[in-house]
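Engineer: Below you will find the structure I want to go over with you.
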Amino acid sequence: MTTPVQPQVLPGHAPDAGDRPRLSFAVPRRGKPPRHLADLTSAERAAVVTELGQPAYRAKQISTHYFGHLTRDPGAMTDLPAGMREDLVPQLLPELLTEVRRLEADGGDTVKTLWSLFDGVKVESVLMGYSDRATLCVSSQAGCGMACPFCATGQQGLTRNLSTAEIIEQVRRAAISCRDGELPGGPRRLTNIVFMGMGEPLANYRTVINAVRRMVDPTPDGLGMSARHITVSTVGLVPAMRKLTAEGIPVTLALSLHAPDDELRSQLIPINTRWTVGEALDAAREYFEVTGRRVSIEYALIKDMNDHGWRADLLAAELLKRGKGWVHVNPIPLNPTPGSIWTASDKDVEDEFVARLRSAGIPTTVRDTRGSDIDGACGQLAAEV
Ligand code: SAH
């Protein structure tokens, strides 16, 4: 069920490709990932195929194989002439992700994969099977520049942005796992995407929006997923939240708040010194107004840090100040990262926090902590390797 790690030669695409074949992923190199079909709109795909000397309709055929049948294997594309399969297909569908490690938890319902990218950079994605859905947690950046002290990825700094196709490839590989029955319960569809892996998605804005469009565009232009089942999670980059509001794609917006007061939030989310709690909540509320999509507030409960009863009350007040019915809160027990002095709140404190929000009329659901025994918190596995 795992793909063996193979040295890759990427013909002509590597920015530093000379006559020496690139036989190792070991040394990170600078440069852009090779161009891939999933980076392009359908009009751009047709233009590229024409540039490569083939009729434009071939772009649609290859897109159907990739987005519809989830394959990049030229051998499977029997509607293409044999010569074209070997020549054109690798130029449009270069290998972007190589599986390095796969860890399972929760009886196989949670599968975390560590990927190596073309330049040796590592990112993670986590697939979670539930009775009614299968959710993939994707990475949008290698590392992260937001430096939140409780987050494993935040400790690594930003290595680079992922490309649209590097994000879509995480989705395609998970969709294959689902289709091929690799989760308990047999073959199923990948239904949900959360941008809650490594990185700050709104700091890689254009790429992430393009990836969302590839996910929701109907096949063969894209994967034909529902925008409502895609969640974009942010530390609260207010101008980018406003841009997202204007895109007109009904994704779910999650705001990582973690504290209702600026003094504490600035310690937990350093970017709060740039855009405050109030500004982030205003932008979240506008998102609801324009899209009609209820916003999720993420709140990692950290023992003796942000889990006080008065903070639950203050959070409820800040949300209610902006109206009713526009928001729900997801408290998440902190997943402790190695070397951190912080730990999850005690269960009775968590219960009290949730009870206060609910009695104020705020819909509140504690998020399950899948895969904590496999370093489920984002970035932990990549940090280890
Ligand atoms: N950068 C984005 C998305 C990635 S993190 C964001 O911050 O929203 C996805 C969620 O996991 C965020 O709410 C983040 O604050 C939370 N998170 C990070 N580290 C965590 C940890 N150790 N325990 C619990 N939640 C954590």
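Sequential numbering from 1, following the chain as shown.
Glycine too: its Cβ is placed from the backbone N, Cα and C atoms.
Found this in TrEMBL, in case it helps:
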| type | residues | note |
| --- | --- | --- |
| ACT_SITE | Glu124 | active site, proton acceptor |
| ACT_SITE | Cys378 | active site, S-methylcysteine intermediate |
| BINDING | Cys144, Cys148, Cys151 | [4Fe-4S] cluster binding site |
| BINDING | Gly199, Glu200, Ser233, Ser256, Leu257, His258, Asn335 | S-adenosyl-L-methionine binding site |
| DOMAIN | 130-373 | domain 'Radical SAM core' |
| REGION | 1-36 | region 'Disordered' |
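Locate each feature and note its surroundings.
Structural biologist: According to DSSP, Glu124 (active site, proton acceptor) sits within a strand segment.
Annotation for Cys148 ([4Fe-4S] cluster binding site): spatial neighbours Gly154, Val235, Ser256, Leu268, Ile269, Pro270, criterion Cβ-Cβ under 8 Å with sequence separation of six or more.
Proximity of His258 (S-adenosyl-L-methionine binding site) to non-local residues of its own chain (separation of 6 or more, Cβ distance below 8 Å) is seen for Arg265, Leu268, Ile269, Glu298, Tyr299, Ala300, Ile302, Asn306, given in sequence order.
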Engineer: If you draw a 10 Å sphere around the Cβ of Asn335 (S-adenosyl-L-methionine binding site), how many other Cβ atoms fall inside it, taking every protein chain shown into account?
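Structural biologist: Step by step: centre on the Cβ of Asn335 (S-adenosyl-L-methionine binding site), count other Cβ atoms within 10 Å, giving 21.
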Engineer: Under 8 Å Cβ-Cβ from Glu200 (S-adenosyl-L-methionine binding site), six or more apart in the same chain: what's there?
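Structural biologist: Same-chain residues close to Glu200 (S-adenosyl-L-methionine binding site) (Cβ under 8 Å, separated by 6 or more) are Ser140, Gln141, Cys144, Gly145, Met146, Thr234, Val235, Leu237.
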Engineer: Please work out which residue of Ser233, Ser256 has the most C-beta neighbours within 10 angstroms of its C-beta, and give that one of the binding-site residues.
Structural biologist: Ser256
Engineer: Less than 6 Å between Cβ and the nearest atom of ligand 1 is the rule; apply it to the recorded positions Glu124, Cys151, Leu257.
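Structural biologist: Result: Cys151.
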Engineer: Given Ser233 (S-adenosyl-L-methionine binding site) and Cys151 ([4Fe-4S] cluster binding site), what distance in Å do their CA atoms have, once rounded to a whole number?
Structural biologist: 14
